[in-house]
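Asker: For 1-20, the entry in TrEMBL reads region 'Disordered'. Per TrEMBL, compositional bias 'Polar residues' is recorded for 1-12. Annotation source TrEMBL lists transmembrane segment at 64-90, 118-145, 152-170, 190-213, 220-242, 248-266, 312-332, 369-387, 394-415, 435-453, 460-479, 491-511. The domain 'Phosphatidic acid phosphatase type 2/haloperoxidase' annotation in TrEMBL covers 152-263, 394-506.
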């Protein structure tokens, strides 16, 4: 008996011979070779990928270790330098004291000769005022709370508040007197070392930089802006003659040291909660970048930007003509001859004046001037942007106030209506009576708030906000009439200006309600 053994093919399958099976065998052989090649390539690729991942992991760890070491060295250097400066100041070492005095005298001679320089330095130094820092910190905390980042908000408050307390304690411990300059261009209370403005600016703006550096976009620009502001505040204190150079240097160093300590505490807290450790250069909370970003998209207005701009320009021009016509009619008999009923209302308000009412109503004029209105507008814009993640509320407020200011300035300069012939404060602005800028600005801002709140989701907070937004313009109008700064028709002109303009801006930025909600018209 003869046994036949089937030849083994190169594919490893018995009984399948490429020669015997022709194209079929060749096909299987080709498939087998390709499969083997793919397997080898896949294995090689897998090996390369794993090696690349390992290398990247090692590089990342090395970078993190290097950055951590650099941060530690920087914090140690700041601490050592601060205590060195503190020792020099406390001991009253003659070379340092003489250098401080010489620099203060030199800068005082340069600054005191220019009122413009003093004004610019005063504006710069206000960036480090307690009121400014509290306002900036409060807005940032409100933003973080609206975006549901309460622990980051707590960290900001603790860091900023702790820096302020630390500065007061060190000032009392050192007890250094402020510089004596030949020409006093600014005045400050309390002890000199360290500079409270410099320390506060370093800590407040520094912690906000660490928080908002979690946003990759704009990180470099924000860093340079923060550094520039902190440096400018410190240098302005020396130039104004209210601090020695070593006071400012001590404020910078102590602020950096406090920032380093609070940042490390916050990072340890993150590690304890199982969060990943990240370099400080990437921000304190990089996972919160989406919550820190103002809005995910650019602003979109119905009909496009050019058509919206054209509508606003036409409406602005028509409103300008209408206000000019009204003002010309009111001053037809002369700029200082009001209609009879205008004069009667002014005289009635004049009869209501008492010292007690003066003390209550007169300060309202200062509280509703240009500065407070701009500050209130910033607050509204920040809170609206944080809550809606939409740029249109900001556009509504900004365009509303810009249009109101330009209309007011043009009309008041052309109409030139005299103010009422009654007892008025001595510090009245040089503008004419028609229309009232205070009433128009407060009404534009109040109406914008009402429109934005009505578009927001329901909540208990809506009622008090709406009441305040409606009451403020009414109180401002009453104050302007009570103090004799405006006629009733001046106030009516402001109401016309404000309500018509803010309605046009709202319709341009948001469109109709049905369009905004995506429902078909009709």
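Backbone N, Cα and C atoms are what each Cβ position is placed from, and that goes for glycine too.
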Asker: Looking only at the domain 'Phosphatidic acid phosphatase type 2/haloperoxidase' (394-506), what are its DSSP counts of helix, strand and coil residues?
Answerer: 81 helix, 0 strand, 32 coil
Asker: With pairs closer than 6 in sequence left out, are the transmembrane segment (435-453) and the transmembrane segment (491-511) joined by 3 or more CB pairs under 8 Å?
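Answerer: These two segments touch.
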Asker: State the non-local partners of the transmembrane segment (435-453) in its own chain: residues 6+ outside its ends, Cβ under 8 Å from one of its Cβ atoms.
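Answerer: Hits for the transmembrane segment (435-453): 323, 327, 365, 368-370, 373, 376-377, 380, 384, 393, 396-397, 400-401, 404-405, 407-408, 411-412, 462, 465-466, 469-470, 472-473, 476-477, 480, 485-486, 490-491, 493-499, 501-502, 506.
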Asker: Given a Cβ distance threshold of under 8 angstroms, which distant residues of the chain, six or more beyond its ends, lie next to the transmembrane segment (369-387)?
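Answerer: The answer is 135, 139, 142-143, 146-147, 294-295, 393-394, 397-398, 401, 438, 441-442, 445, 448-449, 452, 456.
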Asker: Counting by DSSP, what is the helix, strand and coil composition of the domain 'Phosphatidic acid phosphatase type 2/haloperoxidase' (152-263)?
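Answerer: Helix, strand and coil residues of the domain 'Phosphatidic acid phosphatase type 2/haloperoxidase' (152-263) number 80 helix, 0 strand, 32 coil.
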